[in-house]
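Per Swiss-Prot, these features apply:
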BINDING   Asp43, Ser44, Asp82, Lys112  3-methyl-2-oxobutanoate binding site
BINDING   Asp43, Asp82, Glu114  Mg(2+) binding site
ACT_SITE  Glu181  active site, proton acceptor
Amino acid sequence: MKTKTDFLKMKEQGEPITMLTAYDYPSAKLAEEAEVDMILVGDSLGMVVLGYDSTVPVTVEDMIHHTKAVRRGAKETFIVTDMPFMSYHVSLQETMMNARRIVQESGAHALKVEGAGEVISTIQYLTNAGIPVVAHLGLTPQSVGVLGGYKVQGKDAESAKKLIEDAKKCEEAGAIALVLECVPMQLAELISEQLTIPTIGIGAGQKVDGQVLVYHDLISYGVNRVPKFVKQYTSVQEEIVRGISQYVTEVKTRQFPEEKHSFTMKEEDRLALYGGKQ
């Protein structure tokens with residue numbers, strides 16, 4: 001399993017880091033078989049797995065439940081778990097309690113938090129307690145209400161400068177990596193050059209130290225539309241719908257199950273059920 005040290009070395013050597021979300025045992029198992037460097041159990045599960053309109057309703061219990069399943073499916077892959085909405089904006093003591101629960105109960109190797117400002121002290125607090133933290137800047141889904149929706153961040157000089165400053169503060173606070181979401185590729189490149197920790201981009205161009213995508217977006221599974229920055233490498237959704245539709249048709253027309261899908265008993269045993277009268 002790769003560790004923080006390996007990821008730093010990969011950045012130094014210019015080897016891109018691959019990160020993919022996973023939310024359950026089978027998706028984690030497949031991600032590990034595909035040799036993904038890092039798995040993110042994102043609170044995006046609220047939207048792509050639980051059917052919410054945003055990540056806001058996701059709870060600490062949800063994150064623990066899904067991370068435990070991912071851990072069972074990917075025993076040899078570094079796992080990062082999101083701290084969900086408002087689980088780290090309370091007191092530092094409550095933040096630590098939530099962080100401890102996620103790490104101890106789920107087996108996550110690191111936690112991810114969104115934003116800067118007061119979150120910087122949270123990164124430092126968790127780091128000092130021995131919990132590795134991945135920072136997340138740019139478009140932060142838990143704050144879409146404040147940001148005015150799912151929009152590209154850092155497009156003007158003033159906001160770009162703020163993102164650069166925040167990125168440096170995240171690193172100084174002890175973050176082991178930084179996710180940059182929906183920022184101009186030129187800005188992402190500048191930030192990557194000025195940090196020693198790896199940057200993982202999602203909608204941040206190619207000049208970052210790694211990439212992350214949502215599992216369901218990448219394989220077109222249960223999604224109707226995807227963001228501009230997503231490349232769909234395959235479409236399992238069409239095959240799944242086709243297979244289920246065929247199953248429904250065959251059941252309705254009594255084509256399934258066939259004899260080869262059924263179990264039998266000896267004729268004398270069948271007759272014995274009725275005392276030999278049938």
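Each Cβ is built from the backbone N, Cα and C atoms, and glycine gets one as well.
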Subject >> Glu181 (active site, proton acceptor): tally of other CB atoms within 10 A of its CB >> reply: 23
**OP:** Using the centroid of the Cβ atoms of Asp43, Ser44, Asp82, Lys112 as reference, list every other same-chain residue with Cβ within 8 Å of it (recorded 3-methyl-2-oxobutanoate site), in sequence order.
**Re:** Leu40, Val41, Gly42, Leu45, Thr55, Val58, Met63, Thr81, Met83, Pro84, Pro141
Subject >> Fewest-neighbour residue among binding-site residues, criterion Cβ within 10 Å, set Asp82, Glu114 >> reply: Glu114
**OP:** Specify the secondary structure state of Asp43 (3-methyl-2-oxobutanoate binding site) as given by DSSP, simplified to three classes.
**Re:** coil
**OP:** Looking only at C-alpha atoms, tell me how far Ser44 (3-methyl-2-oxobutanoate binding site) is from Glu114 (Mg(2+) binding site), rounded to the nearest Å.
**Re:** 13
Subject >> Rounded Cα-Cα span from Glu114 (Mg(2+) binding site) to Asp43 (3-methyl-2-oxobutanoate binding site), Å >> reply: 11
Original post:
Measuring Cα to Cα, how many angstrom lie between Glu181 (active site, proton acceptor) and Glu114 (Mg(2+) binding site)?
Top reply: 10
Subject >> In the chain carrying Lys112 (3-methyl-2-oxobutanoate binding site), residues 6 or more apart in sequence that have Cβ under 8 angstroms from it >> reply: Leu40, Gly42, Val80, Thr81, Asp82, Met83, Val133, Val134, Ala135, His136, Val179
Original post:
Where does Glu114 (Mg(2+) binding site) sit by DSSP, helix, strand or coil?
Top reply: strand
